[in-house]
Amino acid sequence: MSEEIQVMDSNTEVLLEKGKKDGADTIWDRKAAMKTPCGFGEKGICCRICAMGPCRISPTKDKGAQKGLCGATADTIVARNFARMVAAGTAAHSDHARDIAHVLYMASEDGNYKVKDAGKLMNLAKEWDIKTENRDLYDIAHEVAETALNEFGKPFGTLKFLKRAPYQRQQVWSEQKIEPRAIDREVTSLMHSTHIGCASDPDSIFELSMRTALSDGWGGSMIGTELSDILFGTPTACATQANLGVIEKNMVNILLHGHDPSFSEMMVYASEDPELVKLAKENGADGINLVGMCCTGNEITMRHGVRIAGNFYQQELAIITGAIEAAIVDVQCIFPALADLSDLYHTKFIATSPKAKITGAEYIEFVEEKALETCKGIIKEAVLNFKNRDMENVLIPDNKSHANVGYSVETIIQCLDRVVNSYTDEFNTVKPLADVIWAGVLRGAAGIVGCNNPKVRYDESHITIMKELIKNDVIVVASGCAAQAAAKAGLMTMEAKELCGRGLKEVCERVGIPPVLHMGSCVDISRILDIVSRVAKEKDLDNRDLPVVGAAPEWMSEKAVAIGTYVVASGIDTFLGITPQVTGSEYFVDLLTNRVEENVGAKFYFEENPTECARKILERIEEKREKLGI
Ligand code: XCC
Ligand code: SF4
C-alpha cells in the first residue's frame, strides 16, 4: 500500500501503518481497489436521468454514440449533471439552515436554546423590517425565525439577503434573470428543468444553476450563519489546537463530526456537566475531551475553541488511534465506512439524525425538544465505554499545532478598529482593509475553502497555495476543511507572519491577526460574501472589480459545486484544484471557464497543479489591480 499513500503530515503515516496492522480498511485502500474510474462518469457524459438509459456518449467525436436515446447531446448531459450537483449541494446547505431556523423558532428564556447574540438578532430584525420596539426578545426571535423559514417557500418575490450585495451586483443578477426566489423553489425548479425532455440548452441550464446556487450563498447558507450566530453567539478570536494529537490518552475522547451546530453546541454544553465529568473520573479517566472534525469541528472551535482533531480525510484515522470512546455524527461528509471501522475498536459509532441513519451505526435520535437530555445520554455512553478501551492498542500521534480562530466579519472589523487612527478616522467599517489593498500593502485577498480529495496529495494543494499567496502579500480567509488544513500547518498562528511578504507581515503585526483567517464552516462562506461585498460597497464598486478570488483546491462534495457556482455568480473568480466532471463537453467547459465572464463578470479556472494555481491567482489579482489603476 505504501506507494499509494499520499500524505502530507506524519500523523497520517503512522496511523495508516497502525491501521494496516489492525486490519482496518481505509479510503487509501478503497482508492487503490477502485483502480481506474469510469471514463464516461469522469467526463460527465453518462446520463441516467431516465430509464431508457443509461446513455453514454462516446468521448471521440464522429465515432460511436453522439446522442442519448432522447437525442440529448454531450453538452446537454454534462450541463444537466452539473446542475443536479448544484441542486443537491444547495439542498444540503439550505436544509441545514432550515433546521437552525426551527431551533430559533423554539428558543425561549427557559428552554434548551436561548438567544445568545441579541444585538445580531436586533440588527437582522431591523434589516427585515420586523418591529422591535417594546417587544419581548423571544417574540422578535420567533418572527425572525418565521421570516427566515418563509424564505424557503414564499410564493412571491426574491430572497431578502440579495440586498446585502453591492447594487451593481444586484443589477447583474436582475439583468441576467438569475435573482433567486424562494430557496426550495429554486432547487425544485432546477430538478424539474433537468428532468428528461425539459431544458436541453446548456447555457440556460447553467443560468438556472447559478440562480439555484445563489439561493444557497445568499439564502440558505447566509440564513444558517446568521441564525447560528444569534443562537450560539457570533464567533470571537480565540486560541485552539489542531490535528490528531489533540486526542488525549487519559481522557474520554468524544469525536464530533458532521455539520449542524444545534447538535454540537448542545454536546459542548453537556460535556461540561459536572456529574458526567465526575462519572468519567470514577471510570478511571481524567475527564472528558471533546474534539471536532469537519464543519462541526469548525462550528465549535469558532465559538468555544474546542480543539480540532482533523479534516475530512482524517475521520478514519481518528478512530484508528484506538482512543475514541465515541464518534458521534449528524449530517454530511460522514464516511459510511466508519461503522465497520469502529467495530475493530471499542469505539461507539453513533448516528443522531433521521436524515442520516447509517448502516451499522448505533442510532440515538437527536430531538431538539429534548436536546440537553439526549446529549447527556450520549456522553454518558461514551464515558461508560472508556473501560472497554484496549490501552495496549492505542497510538496517539504527537503532532498538533496552535491556531487562532474565530474570525467572523464582526471580529475582523474589531481587529481593524485597532489601526483606525493610522489609516482612517472611521470605526466599525472595513475601510482600513480596503485602504491597505488600495495602497498595495496587500495585493488582494483569497478565500480558500473546501474539502479533501484523494485525487491530489492530502492537504498539499491547500497549503501550497496558501503559502504562496501569503508570501506575495495576499491575505487568505479560509473555511471548511481547507481552514483545518491551515490550522494543522500552523498558518493560523501569529508566528506565521514570518512566511508573509513585507506588506502582509506588517498588517498582521499591526492588526494582530494571523495571515490565514479561520472564518468558519462551509455555510460560513456567506461570511466571505459579506466581507467582500462590504469592501466593494466601501469603494462603490462591484465584487467583480476587486482583487479578490475564491479557490477550492481539494473539493469533492456537491455542496462545493453549489458554492463555486454562487461565488462565480457573485462576481468572484473561482479556482478549482479538482476538475469537475464536465470535460465531456468542450462547449460547457468553455462556458464555465470563459464565456460566463461576459454574463456575470467572473469565471471558473481549473488548475490541478497547486503551484501553477497560485501563480494564476496572483496573475489574476494583479490584472484586477491594473484595471482599477491601483
Ligand atoms: Fe465536507 Fe463541511 Fe467539504 Fe469538509 S469542506 S469535506 S463539504 S466538511 Ni465543507
Ligand atoms: Fe438517455 Fe435521454 Fe434518458 Fe438521459 S434522458 S438516459 S440521454 S434517453
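Every residue number used here counts from 1 along the chain in the order it is shown.
Quick reminder: no glycine exception, Cβ is built from N, Cα and C everywhere.
TrEMBL labels come from automatic prediction, so no person has curated them.
TrEMBL has this to say about the protein:
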- Cys38, Cys46: [4Fe-4S] cluster 1 binding site (BINDING)
- Cys47, Cys50, Cys55, Cys70: [4Fe-4S] cluster 2 binding site (BINDING)
- His259, Cys295, Cys333, Cys451, Cys481, Cys522: [Ni-4Fe-4S] cluster binding site (BINDING)
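When the Cα atoms are compared, Cys481 ([Ni-4Fe-4S] cluster binding site) and Cys55 ([4Fe-4S] cluster 2 binding site) turn out to be 35 Å apart.
Checked against ligand 1, the binding-site residues Cys47, Cys70, Cys451, Cys522 give Cys451, Cys522 as the ones with a Cβ under 6 Å from it, listed in sequence order. Listed in sequence order, Cys46, Cys47, Arg48, Ala65, Lys67, Gly68, Leu69, Cys70, Ala72, Ile77 are the same-chain residues six or more apart from Cys55 ([4Fe-4S] cluster 2 binding site) with CB atoms under 8 A from its CB. Cβ proximity to the [4Fe-4S] cluster 2 site centre (mean Cβ of Cys47, Cys50, Cys55, Cys70, cutoff 8 Å) flags the following additional same-chain residues: Arg48, Ile49, Met52, Gly53, Pro54, Gly68, Leu69, Ala72, Ile77, Ile196. Ligand 2 lies within reach of Cys50 from the binding-site residues Cys38, Cys46, Cys50, His259, Cys451, Cys522, judged by a C-beta closer than 6 angstroms to any of its atoms. Remark: of the binding-site residues Cys38, Cys70, the most isolated position is Cys38 (fewest other Cβ atoms within 10 Å of its Cβ). Cβ-based crowding with a 10 Å cutoff singles out Cys295 as the top-ranked of the binding-site residues Cys46, Cys47, Cys295, Cys333. Secondary structure at Cys46 ([4Fe-4S] cluster 1 binding site), taken from DSSP and collapsed to helix, strand or coil, is strand.
Distance between Cα atoms for Cys522 ([Ni-4Fe-4S] cluster binding site) and Cys38 ([4Fe-4S] cluster 1 binding site): 29 Å, as a whole number.
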